[in-house]
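Copied from TrEMBL, the annotated features are:
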| type | residues | note |
| --- | --- | --- |
| TRANSMEM | 21-42 | transmembrane segment |
| TRANSMEM | 85-105 | transmembrane segment |
| TRANSMEM | 117-140 | transmembrane segment |
| TRANSMEM | 152-170 | transmembrane segment |
| TRANSMEM | 235-255 | transmembrane segment |
| TRANSMEM | 275-293 | transmembrane segment |
| TRANSMEM | 305-324 | transmembrane segment |
| TRANSMEM | 386-408 | transmembrane segment |
Amino acid sequence: MSATTVTEATMPTSWGRAGKATWFNTFSSLALITGVPCLLHINWIALEQFDGSITAALGAAFKEGPITFAFRHFPEFTMASTLGYVAWLLFQAALYSFLPGPGCYGQRTPGGHLLKYFANGLLAWTVTHGMYIAASYMGLVDPAIIAKHWEGMLVAVNVYGFVLAIVSQLKGNFFPSYPEDCKFSGSLLFDFWGGVELNPRFGEFWDWKFFHNGRPGIVAWSLIDLSYAAYQYQLHGHVTTSMMIVTLFHTIYVVDFFYNEDWYTRTIDISHDHFGFMLAWGDTTFLPTFYTLQTQYLARYPTYLTRTQSLAILAFGLSGYFIFRSANFQRDHVRAHDGNTNLWGKPAEVIRVKYQTSDGKTHNSLLLTSGWWGFSRHANYLGDLMLTWSMCAVCGFTHFIPWSYFFYMSILLYHRSIRDDARCRTKYGKHWDEYCRKVPYVFVPGVI
Ligand code: NDP
């Protein structure tokens, strides 16, 4: 087997989230905590009240002034949606707590903990969707129920997201599950945004981050799509090919996530990002409302694709999915076999590395330098972006709203690659530099 073996290295003892916040971190946290929720509401206002035009909605906000605009146009609380959302949260929490699922372990935390998870997400997704489809088929529930209650739902999810972020902040400060993994930056705002605790838990296994990242938001994602597809049918008398393709893409992505849920415990969200507003509000509120913008748009403003366009978008999107899945699989597979396996018909090439946790213990790991991880340092992000582009392309090129998801994902993944680079350099030192020399490009060789 062809592997570069590295012996000992002087490793830093702390490689988690960066320590002290700068004024820029504080300012950008404030801007994100206030700005992104406003943006989310403006998307809904544009879709519902301004024919899908974000520029018309922003123009009205400018003309009327922000306060009058908010009073006139912002979504309103409804008791039915609020009760429905509370029931949804309790139902997902019950499925998470009681359904059987295989046990798995995440990455070792900077404090040295190796946490156990139970991956029953696929079963929870199947039970939820099975019940929704059966209830719709039997006429017990209007399949467009979520779409029709979306206004009140937006209020309910936002309130829950903010409350969860505040409670998580208090828990991190006063009752942390793993104090060695807490981070305090010196800026209350940055801590609120980025989180204090890495893995807040009830007891030994009930993980706040694992539950909220996956269940109320990602299970809802494909359910919301189905509801908007039903809404399109009720409004226009048919379901368009564009709606079917985007629902298929979203469903593949969601089912893939739950099918590979144990892999997810070793990704950046679970292994490295702390549980603050970004994840608490992001997963419960931003994800189900922003990631479904294409189906929300198409239900009201259908796009009609030619057969060639449909096939081209399908082919491009599925190719993206293939790259995304196979890159993520390769990394997990090679690490699970300690580098002793083949990729693309050849022995995997790896750099063997060591790192230290804050308890002073040294651990072994490896960086893969062949397969997709030899092609570029984030081929998985590239595949994800190809799929994301295809999800937006089905909506045509006339409106910005359905495309905002592609711009958001591009910024998110690019910024993530920078954060990850900094963190891995601190964790692996000169061996990360060696990897970067060997695999110099982040997304596409010769381009970026
Ligand atoms: P990765 O799965 O790429 O994980 C990066 C980590 O992998 C690094 O921190 C490092 O962690 C390890 N690593 C880096 N290089 C190598 C290598 N050469 N060999 C072995 N291990 C390596 O990132 P994410 O967790 O961000 O993303 C996971 C997937 O989720 C991606 O496909 C992404 O596209 C997708 N995603 C989707 C989002 C969405 O909203 N739809 C949001 C974010 C991500 P370690 O400490 O273990 O060494």
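Cβ coordinates are placed from backbone N, Cα and C, and glycine is handled just like the others.
Note that the structure is a prediction, hence the values are computed from the model and not measured.
Counting only same-chain residues 6+ beyond the ends of the transmembrane segment (117-140), those with a CB under 8 A from a CB of the stretch are 91-92, 95-96, 99-106, 205, 207, 210, 214-215, 218-219, 222-223, 226, 230, 254-255, 257-259, 261-262, 265. When Cβ distances are compared across the two stretches, the transmembrane segment (21-42) makes no contact with the transmembrane segment (305-324), since fewer than 3 pairs at least 6 residues apart fall below 8 angstroms. With Cβ pairs under 8 Å as the measure, the transmembrane segment (305-324) is packed most heavily against 386-408, out of 85-105, 152-170, 275-293, 386-408. Here the transmembrane segment (152-170) has Cβ contacts under 8 Å with residues 37, 40-41, 44, 75-82, 84-86, 89, 146, 191-192, 195-197, 200, 208, 212, 275-277, 280-282, 284-286, 288-289 of the same chain, all six or more residues outside its ends.
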